[in-house]
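Take a look at the structure set out below.
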Amino acid sequence: MPELSGIGVGRGIAAGPVARMSPPPPAPADEASERSAAAETERVQKAVAEVAAELEARGRTAGGMARDVLEAQAMMAQDPTLHEAVATRLQAGKTGEYAVHEAFAEFRATLEELGGYLGERASDLSDVSQRVIASLRGLPAPGVPDPGHPFILVAEDLAPADTALLNLDQVQALVTIQGGPTSHTAILAREKSITAIVGVAEAASLTEGQQVIVDAGAGAVITEPTQEQLDEAQARRAAHAAQAEAPITPGALADGTAVPLLANLGSAKSTEKAVALGAEGVGLFRTEFLFLSADEAPSVEEQREAYQSVLEAFPGQKVVVRALDAGADKPLSFLNDAPEENPALGLRGLRALMANEQILRDQLTALAQAQESTEADVWVMAPMVSTVEEAEAFTALAKEHGLATAGVMVEVPSIALMADELLSRTDFASIGTNDLTQYTMAADRLLGSVASLQDPWHPAVLRLIREVGAAGIASGKPVGVCGEAAADPLLAVVLVGLGVNTLSMSPAALAEVRAELKLHTLEQARGIAAAALTAATAGQARETAQQAAQDAVQDTVQPAVPH
Ligand SMILES: C=C(OP(=O)(O)O)C(=O)O
Ligand SMILES: [Mg+2]
């Protein structure tokens, strides 16, 4: 039973036949057609009609937002301006493929120049053009396949729109060649509870229709499963589904040690889901959504309203609000429009806020006002902090605005190493493992080519977390984790073993983490963490922790002294 390995997202398991994402057809050459213009026109019209009908049919099956997107694409395929542009080229003797390719590309460039909503639709136009060209050539449509039965989707990577539109009755699991644990595909898969393994370099060898088991917990794609393995996978799938239905209890270890499980929220829209899935508060409220689509900072009143709607959903519970984290992957022209060679190392996060202090002051004012009219326990924290002076300055400013609990994110190795000094100057620390991994490993979190380095299991990252956990225990100040690492059930246990008190994650991950914590005592979690720390590589840390966790669970189930 050969296996391919990658980075599993969550603990799901699924089995089924592979269906590969078809690559886009190669661009057609500028050649004269051997057919008459009339014959080419007929071919193109037929292909366009087929593509439009297929997109509409898919929209009807998918429903909801996907239906609107697909119907808009079907309309694009039939746009009269485009048809005129294609017809002109056919009259000039071009092939149908080339006429479609060139006319759609021209139309796309016009849309991109217009910008705004139409500009955003430009890439949809390329998708339609590729579908028509594939149809003219008699090739399968590019994009997510539709074999008519449940399947395991194998792709180089998925565009966010592809992931968002997946038909989850058909797609049993996702395997991508590219991508790391914090890639968009992994984050979206986690959010939608799709069984997924990303960064499977050898997935290119999987063939259409081949039976595989995708075991996300083990990060393995089993390529020639035996009947016994298929039965076991089926049983584990049923158990996993039952776990999602398990009663919601507060996060705690087997010995009753409380580990509050909090939600990461990206906007006010997801509060309901977080509450329904049992979030005991919010460990990271990302406020960027208010700023990113704007040309200038939103007013204090606009901000107050948005913050209030989140705070109201958590009366009596903790809500950790992060000050604006702009720069690098989230550029904001009104905050910093200077070109930077290395924006991830530039004026981002708290650095950008300190350079535009009024924007930070307005945000703190809005938050303090929102706090006054709700019963949530509001904590505020700063992103991308590198020095204790920065932490001190932010904490003082937050208190000046009437926010009693102020802390910082630990995302830069320098501040992790200074955790003891940090915690003597601020109220709490929250470890952002996505950026902490990026900066520790010097690997851009958005770059597929270095995704394998972007692994929070790396012992270098774990050693830094140990520093922060130890400083938290020594000072009695709370230390949380709000990066994607907290959503990996076994890594969550390791984090608690390293001294972390709370875990914050996408709400979809709460059930799995809750179930895993219940299997281990604090002493065992410390043992599993100590085992992971002995490793030399990320892979070894994961394996060593898995072994230590299994041994610990067996010791608990089988008492050492038989009766
Ligand atoms: C939680 C984090 O912040 P973001 O992902 O928003 O940068 C992190 O870096 O881990
Ligand atoms: Mg971050």
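Including glycine, each Cβ sits where the backbone N, Cα and C put it.
Site annotation (TrEMBL): phosphoenolpyruvate is bound by ARG322, ASN434, ASP435, ARG445, and the candidate from ARG286, ARG361, ARG514 recorded at this site is ARG286. All protein chains included, ARG445 (phosphoenolpyruvate binding site) registers 22 other Cβ atoms within 10 Å of its own Cβ. Scoring each of the binding-site residues (ARG286, ARG322) by how many neighbouring Cβ atoms lie within 10 Å, the top position goes to ARG322. Spacing of ARG286 (phosphoenolpyruvate binding site) relative to CYS482 (active site, proton donor) is 11 Å (Cα to Cα, whole number). Cα separation, ASN434 (phosphoenolpyruvate binding site) to CYS482 (active site, proton donor), rounded: 9 Å. Residue pair ASP435 (phosphoenolpyruvate binding site) / CYS482 (active site, proton donor) shows a Cα separation of 11 Å. Close contacts with ligand 2, defined as a Cβ under 6 Å from any of its atoms, occur at ASP435 among the recorded positions ARG286, ASP435, ARG445, CYS482. On its own chain, CYS482 (active site, proton donor) has LEU262, ASN264, GLY283, LEU284, VAL320, MET409, SER430, ILE431, GLY432, SER504, MET505 as residues at least 6 apart in sequence with a Cβ closer than 8 Å to its own Cβ.
ASN434 (phosphoenolpyruvate binding site) carries a helical DSSP state (H, G or I).
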